[in-house]
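Student: When I checked TrEMBL for this same protein, it listed these features:
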- Asp16: active site, nucleophile (ACT_SITE)
- Asp18: active site, proton donor (ACT_SITE)
- Asp16, Asp18, Asp187: Mg(2+) binding site (BINDING)
- Asp27, Asp105: substrate binding site (BINDING)
Amino acid sequence: MISSSGRLIKRLAVFDFDHTISEYNTDIVVRDLLDKDLRTPEIRSIVRTCGWIPYMQKILRMLHQQGCKPTEIVSAIRGIPEVSGIKMCIEEMARSNFHIIIISDSNSEFIKIWNEYNDISRFIHTTFTNPAKFNSNGLLEVHPFHHQTECTLSSKNLCKGSILDDFISNQYDQANTEYEKVFYIGDGKNDVCPMLRLNENGYACPREGYICCEELANAISKRPERYEAKILKWNTGSHLIDLIWREL
C-alpha cells in the first residue's frame, strides 16, 4: 500500500530469537558441549564481572581447545526445535505485508545456521545481533553489536530499544517506508526496553510463562505516563498469529 505522500505502508514484526523463534537458548546449547568439569564457578563469574559476551568468548575458546569442531556446533544449533508453530507464523506474516526483523543477543552465526536449516531466512528483512564468524582455525569469534551505557534496561553490548528506534527512523528516511503497526515479540528481560518504546500503533507481545511478562508489567507500573501500546500475551506461534490477525 502507498500513502498519499508516496511512502510504502507496511507492518513491522520484530522478533527476539532465543525462546521466541528457537525453543532453547542457542548460547546455552553450545555451552553445554563443553565438558561439565570445565564449567567452573571461576568461568561462570565472568558473566558477573565482565558480561555475557566475554563469557561466551571464553566458552568458545575452551570448546576450540577441547577439540570441538565447527560441524559439532552447527549440528547442535540445527538440533534446537522451533517454538511450536513459529515458522508458520513468520511465513504467514511475510506473505501479509509485514517486514520481519530479528533483534537478538545471540549471534549472527547461530541465527544464520538455524534460520537457513529451518528455511526461514527468506522471510527475514534484517537481523541485528552480535557479529560472529568461524575463523580459519575453526574458532567461532563473537563480538559485541555495540557498546552502550545509556540504557540501564539493556546489556552494554545490545540495546534492543535503540536498535528498533534507529531501524524505524532509517526506514522512514532512507527507504521511504512507514509502519502502520509495530509488533514486538520476545520473552526476556532485555525485550522490555523496546516494548516500552512502542506507541499507540504498537503491540508488546511477551511470551507467557517467561520473565518478560512480569518485567514488562513492573516497568509499566512505575511509569508516570500512560502506556499506549497494547499487550498481547502468547504461548505458541499459532496462538500469536491468531492474536495478531485480530488486530489487523
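Cβ coordinates come from backbone N, Cα and C, glycine included.
Note: TrEMBL annotation is automatic and uncurated.
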Student: Near Asp27 (substrate binding site) in space, meaning Cα within 10 angstroms, which of the recorded positions do we find among Asp16, Asp18, Asp187?
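Tutor: Hits: Asp18.
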Student: Rounded to a whole number, how many Å is the Cα of Asp105 (substrate binding site) away from the Cα of Asp16 (active site, nucleophile)?
Tutor: 8
Student: Please work out the number of neighbouring Cβ atoms within 10 Å of the Cβ of Asp105 (substrate binding site), leaving out its own Cβ.
Tutor: 24
Student: Tell me the Cα distance separating Asp18 (active site, proton donor) from Asp187 (Mg(2+) binding site), rounded to the nearest angstrom.
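Tutor: That separation, Cα to Cα, works out to 8 Å.
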Student: Quick check: which same-chain residues outside Asp16, Asp18, Asp187 lie with their CB within 8 A of the centre of the Mg(2+) site CB atoms?
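Tutor: My list of surrounding residues reads Phe17, His19, Thr20, Ile21, Asn25, Ser104, Gly186, Gly188, Asp191, Arg207, Tyr210.
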